[in-house]
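Read through the structure below, which is laid out as structure tokens, and then see the notes.
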Ligand SMILES: Nc1ncnc2c1ncn2[C@@H]1O[C@H](COP(=O)(O)OP(=O)(O)OP(=O)(O)O)[C@@H](O)[C@H]1O
Ligand SMILES: Nc1ncnc2c1ncn2[C@@H]1O[C@H](COP(=O)(O)OP(=O)(O)OP(=O)(O)O)[C@@H](O)[C@H]1O
Ligand SMILES: [Mg+2]
Ligand SMILES: [Mg+2]
């Protein structure tokens, strides 16, 4: 009874925050646009009403869900990794190698193999900073930030010097992935790819992992109070490394999904900041896997809406981006939540005081 | 090359409507990156803006940003909106996306730059002989470093190249440049450095300073976006020389930027749309634009005439002719 | 005597809906020591935080020196010469004693802070009030007793005349408490007024002039200390009769469960010996109490047994199996329960729910799930059972443990550790900061565990607790077991006190085992 | 390369590369010590870089430019402070939002004011000058060591000293550290925690502002979109790497600048065959290596201490 009420209050707060942020967005658009209605329509309405746009939002969610989940796992475990970006690249690399160079497999074999490779790649790449932190207390913020650069440059090096497709033209990419590894549209005529299904599944798996399994209990306790976890006999170092590896695997999967889904090949510098977006996504969802679906949708919606507004009105791209950042701020405003919730709470408490 | 002057190239239903002045031509440009790159995109944008100015085309430029995840969607939403008579896109990263869309939207006309797309009845593509252009820039640089007339030249036979990123397209510039320099003098040494991004002007400047000061380079060719702007500043401070890239950058630091290797996306797009408007543009083919068509070349403006000694200019003309005639062939 | 302070009809509703105060009225006279008592969660701290400007009341008025005043921030309180020593330390660990004391009103030299003046000033205070502490020591390395002194010095430095002490003795040794009381009396003699919160009725009786009892956020009454007794106070607090003395039958000790031989260890920082050749045995069915002034090796002894401490010398045998080198998990799995001294950090996870707190170290058991998955229903049922049996006052098993009162958090720890029916129970300070009702309950449960055959090693700084619970008593002094005595009726607190202070050393201790 | 080290030009390059990262990190330091992690350094630097070159060239005074840049960066910091402290937005989210905002707002303003999306190069730019010390300038080694460096180089060294004094020798510094370490303790002593945190973010704005101004008006004289190229994140890493104290940060920044100087040197070496992507990794590998060595050593001294006794 009590938890349901809490959820209700949260939804109430969320609705309020979204409403407030929409108002801000609308005000800004009115200030700058000479065709505000068209701009707003393109930003807020069309992404939801136009099937193509809506399907694209779902596709756009995919890497965000994976990097968001990656961050959620480490943050829940009290590890402050900022390394999803680099792990995304390495997972995309190992996934792409499997997807491009393994031939003659059926899709049922090939796709799982690609995913396994991506998991191994991303996971191993995260293992390093994980072990540095667990064994030697090397700060993970520093190490993961550095590993991001190392990962991205390493992939770029291989792409330009070792695994470049001869036909890639001015920008290096691998050869296209085998058709047996490619994720196609779920329904013809609607752009959403099967990778979206994988994203949903990943969120469910991470939810179960974190909240329904022993491992999840261990990870979360280590995150909440390592002294308590240690006292309960939980191996803290193992938990830290494990959370890093799971996180890396998830980020790596996100990279591979891009390769065998949206993009069809591993492109040089294919992501600019998907890993960092994951941090925002996860924090917006308070590191909750199911919440991440919501916040990733919100973020993708803003991205697609922003593009659409730029294409469909006189609002320039940079302004769309500014509006996007303001919306993120408002939606994550705890004070707005707390204010709305506390009014309820105080009204409730206050009534009893009076009685 | 097949510059379609034959009227038989007229095809497609929309073209007949355009002759009338009532509906202005609507052109959309999709940029898979951001404006302000000092390269393709700015140049393409300039071309499109000129369409607006010169024949009142209704134009729309959409910046896709640097996340590649967004590009396919961005271009498709322009196409699927059905608002544009012509959609323009470019770069090798977009070619497959565009081919795919062109097949799915056979009624949409595309103009594509920088990669040859052939055999699709609704795509016209244009490519540029940038390697030849860079060859000429390399030859020019070699002449500059050997020059005794230019104050900033030193006796060392060393010239520089600064690239934005170590990627194929930039290495094509570099390769042409090196070949051009070697053509003038086998002993010329080319120092190549990469900034690592197209926006890091301070690092471009540092690399410039290092090449000029430590390696006795006296002229650098930069294909590095804003990194090049940083390098120009270094050259200016030291009294050495620079060669611009993509667009005419001679005026950025007059007297320092002696010339620029042009890659005329702007003119080529304007020219194509202009011909489309007149019903002359032939789809389904690709054109390569070289010196003759103004697709590539060195920026020979007043500053060039003023700052570059006659002897060098003469030699450049000669080499350009040889390139045009095929007397010089590149690897 | 006129009222120095009056708080009228104070209400406080926290933003989460908790009503901590519901119409409290409270007044303090000039120059008195006024004790504020009540169960955990009765609203004592909340009331004092309101007085100190840390919380704003939802309703109510405060009169000070006859004038109505508004308390918005602690700054106001400091201006009115009100000072507060908080229940939990409010110290900056990386600062020195002097820096902590002057923080917020530093002596200056131009724009810079004047370290020298701060030191001098601190030393002057230390001399003047006889609260000895090294003014240039880093606070993180001080013992709790010394930290408490720093807190009081902070208040004095700001020139407070009305001093609020929120459970200052919870972490103090009896000696430290005596010293504190001595200082407090001196302060009152020189015109200070003191509000004093405690759960220890002995202290209330010995130091206060008047007593106000709070229950469930309301004032029950205010009493004159001279005209009341402990039984009455506890009845008023809890609302029923409380047994102030544990009732237990004589121990029926059986086989030896824990055997420690020649245990020695050193502090990892300073290299000073902390345990010197300690040997003892605990048998099933008995409670061995370890008395001693805190910091004499108790913590290290427990850490060594429970697997936190590594690298000790000597042997620890549990049911004849050496524990050295075993992981904490393995040690717990053998059947050793552990009520840690620090419930806020180690004993409980304040941000986790009650039910999650209750399955720690047992979540791998079959009862709570198969293979890799946790069985939500079982966990919930288990939590409800324990909540019921141990009378844990919580809204639900999903409530975060941190929003329970201190006594109830302690009950969670006790419930969890006793539920698994340990063969050996290590109980460290099991009732620190807990109200008398809960103390009674926890004591009963520990005795019950003993009677069901557990061996209990009880460590407490509370001599009364040791005396009333233990069957045998050991005393640690300076890392050495200086006495090991049977708890017979003729054993007095004084005698143990001598051992605790190292005045006396028992040469028969080997015999007594 | 050895030649460059001997003739001290290496040293000059090092000092040119030092200020952005050092100043950025000091900004991060002061916010961090106040208990607020500042992810937004990158965005603040961009805002200041744009403002300072813009105002500087319009007014013809580099001082005005730098001050304006700082002011702009402080204003954005205040925005961030408002959202984190008042609206209780997660500080990391707010930091990222500031980065996104800074990147977009500068380009938007540039396109409005100068009709350019990519770069702004004023016709007659102002520059933060170099300090040439008379007499010393002519002494062989000493001259190169001390003379001819940019004002901002000296300013950033002064900033280290300033931060050191501020944190360790002023009442404000103690308040700041107390707020960062034990906010409830600070509050109970009448220190206005929120106000201190506001001020901490303002300091972040001031130093990030200086760093940004140097990029556009010192190192170069232009603004280019995204010209910070990740410096803000490096600064964040340096804050932690430097143990959250000014002197540690000075060394951390020196290490980074040294690695970058090394990159430039290798990049411009004739006949260099190492792929540039691998060269570019140098600073990051060096950092991870130093971090690991440092951590391993610390861990083993911990162990040795425990074992020795
Ligand atoms: N900041 C807070 N937010 C919400 N509820 C609170 C807060 N602080 C205290 N409470 C609740 O208010 C009630 C009264 O708490 P208070 O701290 O005043 O009790 P107390 O009498 O001091 O107890 P104890 O003896 O354990 O110290 C408790 O139910 C507690 O859970
Ligand atoms: N923000 C909060 N929300 C809910 N409950 C709170 C909050 N802060 C404190 N409490 C609870 O209020 C009660 C009183 O808090 P306080 O800080 O006075 O100490 P305490 O935990 O009661 O101390 P003790 O252990 O001595 O009883 C505690 O039980 C604490 O858990
Ligand atoms: Mg020369
Ligand atoms: Mg209390």
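Note: Cβ is positioned from N, Cα and C throughout, glycine not excepted.
TrEMBL assigns the feature transmembrane segment to one of the listed ranges (D:92-114, D:115-137), namely D:92-114. The transmembrane segment (D:222-241) shares the most Cβ pairs under 8 Å with D:36-56, out of the stretches D:36-56, D:62-85, D:151-167, D:278-296.
Take the transmembrane segment (D:62-85) and the stretches D:6-29, D:196-216, D:248-266: counting Cβ pairs under 8 Å, D:196-216 has the most. Taking every recorded stretch in D:36-56, D:248-266, D:278-296 and counting its Cβ pairs under 8 Å to the transmembrane segment (D:92-114), the highest total belongs to D:36-56. Against the transmembrane segment (D:151-167), the recorded stretches D:36-56, D:196-216, D:248-266, D:278-296 differ in Cβ pairs under 8 Å, and the greatest number is found for D:196-216. Two recorded stretches are said to be in contact when at least 3 C-beta pairs lie under 8 angstroms, sequence spacing 6 or more; the transmembrane segment (D:196-216) and the transmembrane segment (D:6-29) meet this definition. Counted as Cβ pairs under 8 Å, contacts with the transmembrane segment (D:6-29) are highest for D:248-266 among D:36-56, D:248-266, D:278-296.
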